[in-house]
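**Student:** Annotations for this protein, taken from Swiss-Prot, read as follows:
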type	residues	note
COMPBIAS	1365-1380	compositional bias 'Polar residues'
DOMAIN	27-63	domain 'LRRNT'
DOMAIN	192-244	domain 'LRRCT'
DOMAIN	246-332	domain 'Ig-like C2-type 1'
DOMAIN	342-428	domain 'Ig-like C2-type 2'
DOMAIN	433-520	domain 'Ig-like C2-type 3'
DOMAIN	521-610	domain 'Ig-like C2-type 4'
DOMAIN	1413-1471	domain 'VWFC'
REGION	1342-1380	region 'Disordered'
REPEAT	182-204	repeat 'LRR 6'
REPEAT	1151-1175	repeat 'LRR 7'
SITE	R977	site 'Transition state stabilizer'
Amino acid sequence: MAKRSRGPGRRCLLALVLFCAWGTLAVVAQKPGAGCPSRCLCFRTTVRCMHLLLEAVPAVAPQTSILDLRFNRIREIQPGAFRRLRNLNTLLLNNNQIKRIPSGAFEDLENLKYLYLYKNEIQSIDRQAFKGLASLEQLYLHFNQIETLDPDSFQHLPKLERLFLHNNRITHLVPGTFNHLESMKRLRLDSNTLHCDCEILWLADLLKTYAESGNAQAAAICEYPRRIQGRSVATITPEELNCERPRITSEPQDADVTSGNTVYFTCRAEGNPKPEIIWLRNNNELSMKTDSRLNLLDDGTLMIQNTQETDQGIYQCMAKNVAGEVKTQEVTLRYFGSPARPTFVIQPQNTEVLVGESVTLECSATGHPPPRISWTRGDRTPLPVDPRVNITPSGGLYIQNVVQGDSGEYACSATNNIDSVHATAFIIVQALPQFTVTPQDRVVIEGQTVDFQCEAKGNPPPVIAWTKGGSQLSVDRRHLVLSSGTLRISGVALHDQGQYECQAVNIIGSQKVVAHLTVQPRVTPVFASIPSDTTVEVGANVQLPCSSQGEPEPAITWNKDGVQVTESGKFHISPEGFLTINDVGPADAGRYECVARNTIGSASVSMVLSVNVPDVSRNGDPFVATSIVEAIATVDRAINSTRTHLFDSRPRSPNDLLALFRYPRDPYTVEQARAGEIFERTLQLIQEHVQHGLMVDLNGTSYHYNDLVSPQYLNLIANLSGCTAHRRVNNCSDMCFHQKYRTHDGTCNNLQHPMWGASLTAFERLLKSVYENGFNTPRGINPHRLYNGHALPMPRLVSTTLIGTETVTPDEQFTHMLMQWGQFLDHDLDSTVVALSQARFSDGQHCSNVCSNDPPCFSVMIPPNDSRARSGARCMFFVRSSPVCGSGMTSLLMNSVYPREQINQLTSYIDASNVYGSTEHEARSIRDLASHRGLLRQGIVQRSGKPLLPFATGPPTECMRDENESPIPCFLAGDHRANEQLGLTSMHTLWFREHNRIATELLKLNPHWDGDTIYYETRKIVGAEIQHITYQHWLPKILGEVGMRTLGEYHGYDPGINAGIFNAFATAAFRFGHTLVNPLLYRLDENFQPIAQDHLPLHKAFFSPFRIVNEGGIDPLLRGLFGVAGKMRVPSQLLNTELTERLFSMAHTVALDLAAINIQRGRDHGIPPYHDYRVYCNLSAAHTFEDLKNEIKNPEIREKLKRLYGSTLNIDLFPALVVEDLVPGSRLGPTLMCLLSTQFKRLRDGDRLWYENPGVFSPAQLTQIKQTSLARILCDNADNITRVQSDVFRVAEFPHGYGSCDEIPRVDLRVWQDCCEDCRTRGQFNAFSYHFRGRRSLEFSYQEDKPTKKTRPRKIPSVGRQGEHLSNSTSAFSTRSDASGTNDFREFVLEMQKTITDLRTQIKKLESRLSTTECVDAGGESHANNTKWKKDACTICECKDGQVTCFVEACPPATCAVPVNIPGACCPVCLQKRAEEKP
């Protein structure tokens, strides 16, 4: 009983729980703006309204995805009942009382997939009932009362997979009812009363198709006739239903009519079921409903009443039933009236046809007289005489056995004596895919990238699809199908091994081809043979064995003392890795390292090579004395001849212009270059004497230079040539100076290696040099010599074939300032000293006249088919760079011949040497030493109140090449190339003004500082600004994100890093900037519109400082740099023709070619080929030109390289670097990015005085330095630039992208204020605080410059005298360390009293000097205060308070074609006009 009593209680409790749950669920669904229908169950996006006796569809929330309305009393669905329910996925309407489905019943249900309508009372379905259900997959209509279906009922359901129509009352189905259901998988028509007669045969064919494909299941059972009741519709045949195809019993005949008559075309047919008669005119079905003149009689006859001209044409009768169709012969209705021009009755239509089939293009026309039909190709060319091509009697074009060549346009012409008309159509020949490139079996190493090439043709063009083992490829980033059809698998893994299938698919069919991939595991390199320590005699050849094994096959490289060895006349590396050294000399002694490297890892082994130099005489020893005398004489004669030619007249050709531009101005540089030339010329003369005496040819690469002369004679040659006399001995003892400031020549930056990065030292090498003879002969100097089976191409041919372009693509991101900063920076880093002579040493003839390769000439030959050759030019002027004495030897004895090295005239550091010079001599020439304010010299003052650079003095310069343009000389700056082009000159003007601006501010903040202190502090700030702009603003745009990651963050100074510029950087890599140069220098006014003088072609901007003076100053040029897009480097658009065809051009002369010069300079410097740098940068070795496709994707460029060089091992470095595809986000290719990131990392990390190195600047000062931007420099130092973009390297739209200069952050120089209690001696280079540290190394970095040492300290020199400096008193004290402290102090006091007396004397002298207001001009002549004098015809100078200010007259544009200079007059005049003005 107890158990029984608990039952009802439990049931009540359960009901209560369910009730609560129902309420809770209903509440859950009631979100703001989306109420749940009354009594419905709502949970999230599901709404269930079952068993609620609903008679209409309730309103539900738009986010509803499942709507359940089963078991209600809904009788009809109103159009729009489900509007806005775009998220609905499932709709359940079964078990209701719906009788019909109207049009638009399910509007807006575009995402509905499942629709349940079974067990209703549906009798009819509108043909548009299911329109809009594009996503519907399942439709359930079974157990209804449907009797008929419109054939278009299901045409709007492309994704329908399941359709249930069983248990309805369907008796007949119209053909085509299920035609559009391409995705059908299951169709049920069973349990209907299907009448299986001839009209249902279409359904039988459909069901058979389903069964054969296996993609769909279908059920349909015959109910009638009784004899086949219960049979599947799919099994019935036309024969058992007695169905007969139509057959024609009476055919129509041709007819001729006139206007307004009636014509009859007879057509009778029989068949079962009775066929339907359809009439066609010109292959188009006639509609009896649209034209009342047309009538179809009961027997099938066509009657046309009131005939018109438009009725003429080709008629045909078609009889059709479910068993088939048949057509009568074509008949013609001809219409006759008055003479009429031809009109087409049938125009040809575009027709698709398969290869091998036949095709007919119908064409007929009427007219009076009847027109003649003819056919041609679409371009009016006649049809080919081919038995396959015929014209039918009715005028159609018939082609049988169609081939692919028949594809194209055809024209039908109808002609009578009134007119002719034409109509065209295309025959589109469709063909199965055919493979043109098939994939090959590949064997690769794990981790590599493999390409399976697969290409096919066909019509339509096929699509390439790849599978592996019949299955789809893995969906990951490693598998990529390129647009060409190639399958690329990156980072191949072992499980990628297997069979791959390439399928070419089009609408006609598909073809398949297979390839197999075999993956081998990776193996770290293991040495098979290793070298051992070896001793050889000088002059011998030695082979060092080294080979290794591994997977992938390791690449063998050799290093000597940290520099990679490359293939040359000196070194040869065999395929297995053995290193052969030819003509071993003492310079070859050292440690050699063999490195085996693959993608898995690397292994290395080293050995020591010792060279034994026997004390025996050599063949060249007897000729040393005569050769050195002859060498000195011939070199000096050639140099003097060149000097006379260049400096005693104006430049007459681009050759003169280039030579004058590159000629070193510093006397020390000239002497050092001269010594190197004499040293090398002596060896060449000795070689010639030995060769003549032995009567053998020693000019090949097999000649042993170390057998030429004995070591003691080699040292004698070095002494007599002047090499040892100009060997610098640096002095870095003045640590008070060197810890704070840079020397001008870059010495003592690295205190462990003081010459690292110094000016006038040899370029560094990443790879060993490559010379034909291993010593000094460039590659390609012998045009008949083969390299890897091919001759090297002429540099000019490479330029015209590969590099030069007239097309320029603007850079969408960066301005032309990106290029200009790169050039300005380059002139801070490197400048090669070229030969001092333009004439060959052997006979003194000019290099451009003889076109030979005799030293120092190395002419750029012009190919026979070149445009310049047609004008008679044989070569372009080129002389070799001057060699370093002994080629980089640093010991006191030169006992071996070293490969030729070149001189970097500048300091390697980013230290603003382009502003201040790279030697003490250069620095003093541009300083304003008279004012004692630490300023740089300034030139004429413009209307803006800001000065230009001072003019250079001396003989005629490159800027005065055309006396008809202007007599204005070159500007003087820290780098002698400042006048090369006007954009560069503008940058030099900016930074010279920036120095003077900062120096003026520092003097205001620290009036107690002397001129030297202000100068060096300002120079330090300016150098830091250039460093910051370069690394923070410019380099990220050049290197991109990838390159900046390679460069890495700054972690402090590393004294073990040599910051020197490596030769390949200066000669090839950093010359990539030439590809960024625009052919125009834009000049814009303050509204960023062209100035009156317009933009300037680049060839008119070379050496033209007069344009800055006379044509608006520097502002228009600067706006043209930051206001105009730069040139984008496109692999097919490299150097514009202003640089390759008009470089330094002058009237009636052959201009130079910068691209050809770059290539020739690389060979001159022994730069290894591109392939060696690929290996250095860890790129794959390129044995074929196809191996370059990852870095040079353009096949046309690879083909050009192949035609030019023949072998990848021959490609010069510069052209290869500039044709590499850009790494995304950068302006460099991968090899170029490697080289630049390597160099800039060394420049930063190997610079002890780098601005970010702790202690160089105080934290507060460093914070201010980091406010620097080039935009701020422009605002502060341009003439009147007031609006710029914040980043002048990025393209901005004017005016919206430009802001006021007031918004650009500036450097606050107040943090440089020297806060001191007694400032009388602070900041004085000659003050007491500096006395004890001495200034010996400041002025005398080299031992030979130091005056003779005296036993007593010298007197403090006069401020005005040069060449005298304080002695280092600390060294004097150290020699008396054993004296007592009392004596030391007494001597100290006596010395201090003497120092004070000397200082007073100097102050009196200085006051006396400053009290005079006379001026001394550049010629040493004195002028009284407030006097004026003419310096030349155009320049008037004035003496004002001891300062000389000169003004240059600006000449107006000449009004005649040929103005003439008159002696004593500044501006050219027009003589003709003067003559006219005379009475």
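Positions of Cβ are set from backbone N, Cα and C atoms, glycine also.
How buried are the listed features, and what sits near them?
**Tutor:** Mean per-residue pLDDT, taken over the domain 'Ig-like C2-type 1' (246-332), amounts to 89.
Taking H, G and I as helix, E and B as strand and the rest as coil, DSSP gives the domain 'Ig-like C2-type 2' (342-428) the counts 3 helix, 47 strand, 37 coil.
The DSSP breakdown of the domain 'Ig-like C2-type 3' (433-520), given as helix, strand and coil counts, is 3 helix, 50 strand, 35 coil.
If one looks beyond the repeat 'LRR 6' (182-204) by at least 6 residues along the same chain, the residues whose Cβ comes under 8 Å of a Cβ in the stretch are 137, 142, 158-173, 175-176, 210, 215-225, 228, 231, 233-238, 241-243, 272-273, 321-323.
Long-range contacts of the repeat 'LRR 7' (1151-1175) within its own chain (CB-CB distance under 8 A, at least 6 residues past either end) are made by residues 555, 557, 564, 566-568, 654-655, 658, 763, 766-771, 778-781, 792, 794-796, 798-799, 803-804, 832, 858, 860, 876-878, 880-881, 899-900, 902, 1063-1064, 1067-1068, 1071, 1074, 1099, 1134-1135, 1139-1145, 1181-1182, 1208-1217, 1231, 1234-1235.
Over all protein chains present, the Cβ of R977 (site 'Transition state stabilizer') has 17 other Cβ atoms lying within 10 Å. Mapped onto three states, the DSSP output places R977 (site 'Transition state stabilizer') in coil.
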**Student:** Can you count helix, strand and coil residues in the repeat 'LRR 7' (1151-1175) using DSSP?
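**Tutor:** Summed over the repeat 'LRR 7' (1151-1175), the classes give 17 helix, 1 strand, 7 coil.
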**Student:** Count the residues of the repeat 'LRR 6' (182-204) that DSSP assigns to helix (H, G, I), to strand (E, B) and to coil, and report the three numbers in that order.
**Tutor:** 7 helix, 5 strand, 11 coil
**Student:** With DSSP as the yardstick, break the domain 'Ig-like C2-type 4' (521-610) down into helix, strand and coil residue counts.
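**Tutor:** The counts are 3 helix, 50 strand, 37 coil.
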**Student:** DSSP-wise, what's the residue breakdown of the domain 'Ig-like C2-type 1' (246-332) into helix, strand and coil?
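**Tutor:** Taking the domain 'Ig-like C2-type 1' (246-332) as a whole: 3 helix, 46 strand, 38 coil.
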